[in-house]
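Enquirer: First the structure, which I've put down as C-alpha cells, then a few questions once you've had a look.
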Amino acid sequence: MTDTPQAERTLILVKPDGVERGLTGEVLRRVEAKGYTLVALELRTLDRETAARHYAEHKGKPFFEPLLEFITSGPLVAAVFEGQRVIEGFRSLAGATDPTVAAPGSIRGDLARDWGKKVIANIVHGSDSPESAAREIAIYFPGL
Ligand code: RTP
Ligand code: MG
C-alpha cells in the first residue's frame, strides 16, 4: 500500500527513559507495524538549548525545568515518520500523557508507569499538529 503525495510527516522521540529501558525497537516496531514509513532516524543527546527550543511552549510551567533535566539526561532517538494522518495516528498509538491512565494497547499504556519523579517519564513524544511537526523536524533534521 502506498500513500498519496500529500502524506504528512511527524517527529517522534523515544525519550531517554525509553532508550534506557531498551524500548527503542519496540516503539519503532509498533509505528512500522501500523504502516507508517520511516524517513529519518538518529540517536543523540540533547543540550539544554535544543531541549528548551523543542519544549518552548512549556516555558514558565512548573514542570519545565524537570522536563529539561529529564529530556537531556541521556541519549534519545529522534525519528521522522510519514503517512496519511500520521500525526494523529501516532498520538493515538502513544496514548495519554499520564501513563497510569493511558489506554492499555497504547505505547504509554502498555510500557510506562508513574515512577514518582518530578516530571512524567512517558517513553515517547509525537508532534501534535502539522505546524509543530514542521517546527520540530527542523530542530532535529534541518534540511529534511
Ligand atoms: P509530548 O509533548 O512529550 O509528546 O507529550 P504530550 O503532548 O502528551 O504532553 P505535553 O503536555 O506536551 O507535555 C510534554 C511532556 O512534559 C512532561 N510533563 N510532565 N505534570 C507533569 O509532571 C508533566 N506534565 C507534562 C511529559 O513528559 C510530557 O510528555
Ligand atoms: Mg506535547
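For all residues, glycine too, the Cβ spot is worked out from N, Cα and C.
Annotations in TrEMBL come from automatic prediction, not curation.
Take a look at what TrEMBL says about it:
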type: DOMAIN; residues: 7-144; note: domain 'Nucleoside diphosphate kinase-like'
type: BINDING; residues: Lys15, Phe63, Arg91, Thr97, Arg108, Asn122; note: ATP binding site
type: ACT_SITE; residues: His125; note: active site, pros-phosphohistidine intermediate
Enquirer: Taking the Cβ of Arg108 (ATP binding site) as the centre, how many other Cβ atoms fall within a 10 Å radius?
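Expert: Excluding its own Cβ, Arg108 (ATP binding site) sees 23 Cβ atoms within 10 Å.
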Enquirer: Say we define neighbours as other CB atoms within 10 Å of the CB. Which of the binding-site residues Thr97, Asn122 has the fewest?
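Expert: Result for the binding-site residues Thr97, Asn122: minimum number of other Cβ atoms within 10 Å at Thr97.
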Enquirer: At 10 angstroms around each C-beta, which of the recorded positions Lys15, Arg91, His125 has the fewest other C-beta atoms nearby?
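Expert: Counting other Cβ atoms within 10 Å of each of the recorded positions Lys15, Arg91, His125, the minimum falls on Arg91.
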Enquirer: Helix, strand, coil: count each for the residues of the domain 'Nucleoside diphosphate kinase-like' (7-144), based on DSSP.
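Expert: Helix, strand and coil residues of the domain 'Nucleoside diphosphate kinase-like' (7-144) number 59 helix, 28 strand, 51 coil.
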Enquirer: 10 Å Cβ neighbour count around Phe63 (ATP binding site)?
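Expert: Step by step: centre on the Cβ of Phe63 (ATP binding site), count other Cβ atoms within 10 Å, giving 13.
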Enquirer: Averaged over the domain 'Nucleoside diphosphate kinase-like' (7-144), what pLDDT does the prediction give?
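Expert: Averaging the confidence scores along the domain 'Nucleoside diphosphate kinase-like' (7-144) gives 98.
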Enquirer: Can you tell me how far the Cα of Phe63 (ATP binding site) sits from the Cα of His125 (active site, pros-phosphohistidine intermediate), in Å?
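Expert: Per the Cα atoms, Phe63 (ATP binding site) and His125 (active site, pros-phosphohistidine intermediate) stand 16 Å apart.
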Enquirer: Express the distance between the Cα positions of Arg108 (ATP binding site) and His125 (active site, pros-phosphohistidine intermediate) as a whole number of Å.
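Expert: For Arg108 (ATP binding site) versus His125 (active site, pros-phosphohistidine intermediate), the Cα atoms are 10 Å apart.
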Enquirer: Arg91 (ATP binding site) to His125 (active site, pros-phosphohistidine intermediate): how many Å between their Cα atoms?
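Expert: Checking the Cα atoms of Arg91 (ATP binding site) and His125 (active site, pros-phosphohistidine intermediate) gives a distance of 8 Å.
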Enquirer: For the binding-site residues Lys15, Arg91, Arg108, which sit with their CB under 6 angstroms from an atom of ligand 1?
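Expert: Close enough to ligand 1 is none of the binding-site residues.
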Enquirer: Write down the Cα-Cα distance for Thr97 (ATP binding site) and His125 (active site, pros-phosphohistidine intermediate), rounded and given in Å.
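Expert: Just about 9 Å between their Cα atoms.
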